[in-house]
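Below is one structure, written out as structure tokens, with a few remarks after it.
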Amino acid sequence: MSNDLDFSTVLASTVHDMKNSLGMLLNSLDEVRDSVGEEVRGARPFTTLEYEAQRVHGDLVQLLSLYRLSEEKLSATVEEQLVHDFLDEQQAHHRRLLEGLGITLEVHTEPDAEEGYFDPQLVSGVLTNVINNAIRYAESQLQLNARAEDGWLVLSVEDDGPGYPEHMLEVDFSGTERIDFSTGSTNLGLYFAERMAGMHTAGDRQGFTRLRNGGDLGGSVFELWLP
Amino acid sequence: MDENERYHLYRKLRFLITDDFENFRKSMRQMLSSFGAEKIDMAANGNETIAKCTKDHYDVLICDFNLGSGKTGQQVLEALRHHKLLRHTSLFVLVTAETSREIVMGAREYHPDTYIIKPITQAVLQKRMDALMAQRHALYPINHALDQEDLPEAISQAEQLLQTKTRYRNWVMQILGDLYLQRGTPDLARGIYEQVLEGRELAWARMGMGRAALARNALDEAISHFETLIESNPDYIEAYDALADALQRKGNSRRAQEVVEKALEISPLAILRQKQLASIAASNQDMETAADAWRSTVKLSDNSIHDSPENYLGLGRTLSELSDGNTSSEGKQLADEALKALHNVGRRFKDDESAKTRKQLVAARVYAGQGRMNESRKALDSISDQLDPETLSPEETLDYARALYTQQEDGAAQRVLNQLAERCQDDPKIMKAIEELMDEPVSFHKKNQARALNKEGIKAFESGELGQAADSFSQALELVPQHPALNLNLVQVLLKNAEKEGKGSDPSMLRRCERCLDQLSHLPPQHKQYKRYQFLKKKIADLTSGSNT
């Protein structure tokens, strides 16, 4: 047998398999929820189970996308999207978990941001991870907003938590050099978001992300700017 | 949509859920009935789904991609579209646990109305279905007209809808452009696409520009649109197919082949594209690629509506070319593979008499190519009562002639082809195939050798090395003695050489020219070398009579 195993391919196919298994697991979890009583459904172990499984799922999706990106096999399929419908679906995706955790997630779409042009799969992957992250820091409220600014569509995830620490607001995620990936998954997640945003272009404009604190809820604000 | 509205809407519609897992079917049904749906049918596999759709009409189909051993969800959709069992007003939702690129790309090509990635929660399903229903409702007048096959009405509905403030404006424009193209008014279609592209570079609009250009036969413009599109959207498969089509129409089949190969790299599960590659590659004399493409075609034939004897025969023919005269172990292996493919024709298409005949014709060639002449003869004998040139189809006749050539019965082969030519005078494709076969009734190895020698000869001729040119043409003619262009090339070069040496009417040279021309005595008047043949024949005749007096 040959020794030159292409490890990144092995890793990618294993991750793909793990992701599909986890999908099955999440589906079963959804079914279990319907067959158990309120006292189990609302209990901490159950929501932890679901939250962590969803987080791992999101991480694996992110990992696979980054792998495809490095293999130059990832491209954005930009299509018209009805923004409100799209955000509604993102909200629905997290609804039951949020109910279990006692966190609300509201969707606001401004009238001039009804229409957008992006790859729904890629953007959904980004928002899922950002929301999963925000859930950890939120007190009780999250918002998913869309607005138009200077011809850009800005999708934002806001929470009422303590906000991003100062050093994170300063990181430039457009290159890998200055990002420290050893401190946990957050930086990698934001790098991923930046790359996915950057895959959306129109003319000479290219999508990007922006972090700030404040917003309607006074916590962290993640913004995805799409051309 | 509020609860009440949803309840009323879903109650009226007929749903069909297809999944091989009973649990999934049940949980999907439970979700749909909680939205208000009452008429819900279920199927466990593709064939059951198609049978149900043949009998009944469904408004919404929710079908899993992975259905176990039978058809995939993509093949179900393909079959429903092919047999026109899916109305324009119906919705097809493809469900998949896979996000693997090959599968997603393959599935996209058949345009499901949406695809949902597992795991599916009730809340997500509801949002997605609501959005889909609202869109269906808005576009219903157009799609209803299309179901009635009333194209003008569909166009007029779409045009009216564009006058309103619909939130589906982009969708309507896409449909309308498509309808304009269908109606044969590409200029109107182009107007739509230009309007869209002024605002933003969108793949479907760029694709439309290309298709509109193709419809006006503006090949260069079409090619440039498709190339632009592929540059910015390398996953947009339809653009590759259209680009290959345009390139072939321009006569650039080398590049067309490259483009199809690229498309197959991205989306390899498309059987028709594999077949297209096989045919382009064969026309480019690239038999290795053709064989691989036929292999993939055969693999994808399982459960496909495009399964046909031709897939196995195509593989058999190509492998017969590759193994012809090659009795090394590699050649034997190819021949065995060919015979196995042909054996499958008999097994899979038991009642197809024509397939049986063609299978034996190809088998006879494979055996002959391996020097197994007895078996070759036996294969032909087994179908001798079918081999009446009057009743054989043109394709069968071509196979028959090929088999006769491998039996070294050139005269019989020519008779059969001449008969066919009389019958098929108005079919340029068949006429071209006859011509090619008569010119070069040999395996592609020899054909390629002869072509290379011909090129060498022409090159030598152009640089004035006439003796060397004559040698190359003569060597080529040893491989394909009746090749018209080669024979005429040799005549021309011999004449020129003799003139140069001042021996323009040298009798031995003239006799050699006559022998070349004799090979072409059966050349039919429609052959593209016929005029040149007549011209040179007269010239030689004049010189000969001149030298005799």
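The backbone N, Cα and C atoms fix where each Cβ goes, and this holds for glycine too.
All TrEMBL annotations are machine predictions without curation.
What TrEMBL annotates here:
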type	residues	note
DOMAIN	B:14-133	domain 'Response regulatory'
MOD_RES	B:Asp64	4-aspartylphosphate
REPEAT	B:203-236	repeat 'TPR'
REPEAT	B:237-270	repeat 'TPR'
REPEAT	B:450-483	repeat 'TPR'
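The residue listed as '4-aspartylphosphate' falls within a strand when secondary structure is assigned with DSSP.
Within 10 Å of the C-beta atom of B:Asp64 (4-aspartylphosphate) sit 24 other C-beta atoms, taking all shown protein chains into account. When DSSP labels each residue, the repeat 'TPR' (B:237-270) comes out as 27 helix, 0 strand, 7 coil, counted as helix, strand and coil in that order.
Summarised by DSSP class, the composition of the domain 'Response regulatory' (B:14-133) is 54 helix, 25 strand, 41 coil. This prediction places the mean pLDDT of the repeat 'TPR' (B:203-236) at 94. With DSSP classes pooled into helix, strand and coil, the tally for the repeat 'TPR' (B:203-236) is 27 helix, 0 strand, 7 coil.
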